[in-house]
Amino acid sequence: MELKEYWSDKGHSRDFKLIRIGFVAVRFRWLVTLLIIGIAGWIAVDWWVLDTAHFKLLWKVRLMTGVMLTPLLPLSYLCKLNRRWMVLSLFALVIILLLFNLVSLWSFRDVATMPAGYVAFPYFLLALLAVLPLPIRSGVRIAVTIMVAVLATDYWLDSHTLNNGKLIDRVWLLLCFSLAMIWVQTGQLRMLMDLYRESTRDALTRLMNRRLFMQQFAAVRHDSKADQPYTLILFDLDKFKRINDEHGHLMGDEVLVRVAMTLMDIFGPDAMVARYGGEEFIVLLPNTRLEQGVRKAETLRLAVESQPVENPLDESEVTVTLSGGVVEGHHNSDMTELLLWVDEALYEAKSQGRNCVVAHV
Ligand SMILES: Nc1nc2c(ncn2[C@@H]2O[C@H](COP(=O)(O)OP(=O)(O)OP(=O)(O)O)[C@@H](O)[C@H]2O)c(=O)[nH]1
């Protein structure tokens, strides 16, 4: 995992972004529910520990905060669909809670006599936000917003000076909590990413699996413009059963891994390469015409044929060949039909004696 994957979600795949946002939305909803209950429920503690005049002011502030937080519950369902909504909801949550903190601290007037539980709210908030699997950049933004707001509140309510021991203690403690929050958030992001990779990658070749490929295929088809065709190529290793039978399954596995690496080398990062089935590989080339797709498929076929695979056990070598079918798709093409046609083209290549590429026209 690269550092930039932790830093921001820019490099994340569209599919993973949606999954992460869905995950954040559910946790966000629970967080808001917990805060509404907790902030309103604390009225009982206020009644117990505060004098009547103070209590009469603070219970209204608590109820008002609960009311302001409530619209975030339905908003969390929109977050699931769109990153902007998620950012907006998180921002609204932090601002409402910082306002609550400001009014609650202001209501004490004399900061020196304030009970510890009330001063601890910003730390509690940082701890709660750690449950969200956010990239470091988002965590830093949240931490900076909370830190600036808390220090400004302190400055305004307390001594009106920045040269004050208590303020330095506050900064130090806020920094520690912020770092802990970012550390836990990144850990959650990493866990989510690992789980996602395990569920979308083929265990042997590390190519994307069929499930993810079909999602990506649907997305490319949906996004492609009328004048931007894409090409689908289906490859199948020739007489692969014989390799397994004559050289063992370990060698068969080695062949699959080597072919997967050659596929990645030839088609590059813009193509979507997946293991479609046992010894079948599928490639989607966005913004590519049929002739270009056929040329690329030929390049791959020649590369595989010219690179014998070494047996990891006895260092003998096996020459492998594959056949391919190619089809061109458009934004209004039917996915099932395209898959059927590419399969027919591959079948035709097998019928023509294997080790060749056939285009569906
Ligand atoms: N080693 C290994 N073999 C696999 C794997 N997945 C599928 N196979 C084998 O792939 C073989 C596919 O054989 P067939 O479908 O008969 O096709 P073929 O021998 O390639 O013949 P043609 O496709 O007609 O050229 C079977 O023997 C499967 O056991 C795998 O992950 N590892």
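From the backbone N, Cα and C atoms, a Cβ is placed for every residue, glycine too.
The domain 'GGDEF' annotation in TrEMBL covers 228-361. Mean model confidence of the domain 'GGDEF' (228-361) amounts to 95 (pLDDT, 0 to 100 scale).
Residues 58-59, 62-63, 65-66, 69-70, 72-73, 76-77, 79-83, 86, 89-90, 93, 97, 100, 117, 128-129, 131-134, 192 of the same chain sit 6 or more residues outside the transmembrane segment (21-45) yet have a Cβ under 8 Å from a Cβ within it. According to TrEMBL, the feature transmembrane segment maps to 21-45 (among others).
For 57-78 (among others), the entry in TrEMBL reads transmembrane segment.
Among the features that TrEMBL reports, transmembrane segment is placed at 85-106 (among others).
Sequence annotations record features per position, and here TrEMBL assigns transmembrane segment to 112-132 (among others).
Annotation comment: TrEMBL describes 172-192 (among others) as transmembrane segment.
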Can you name the far-off residues of the same chain, 6+ from the ends of the transmembrane segment (57-78), with a Cβ under 8 Å from a Cβ of it?
25-26, 28-29, 32-33, 35-36, 39-40, 42-43, 46-47, 50, 85, 88-89, 92-93, 96-97, 99-100, 103-104, 107
I'd like the per-state residue tally for the domain 'GGDEF' (228-361) from DSSP, helix first, then strand, then coil.
61 helix, 33 strand, 40 coil
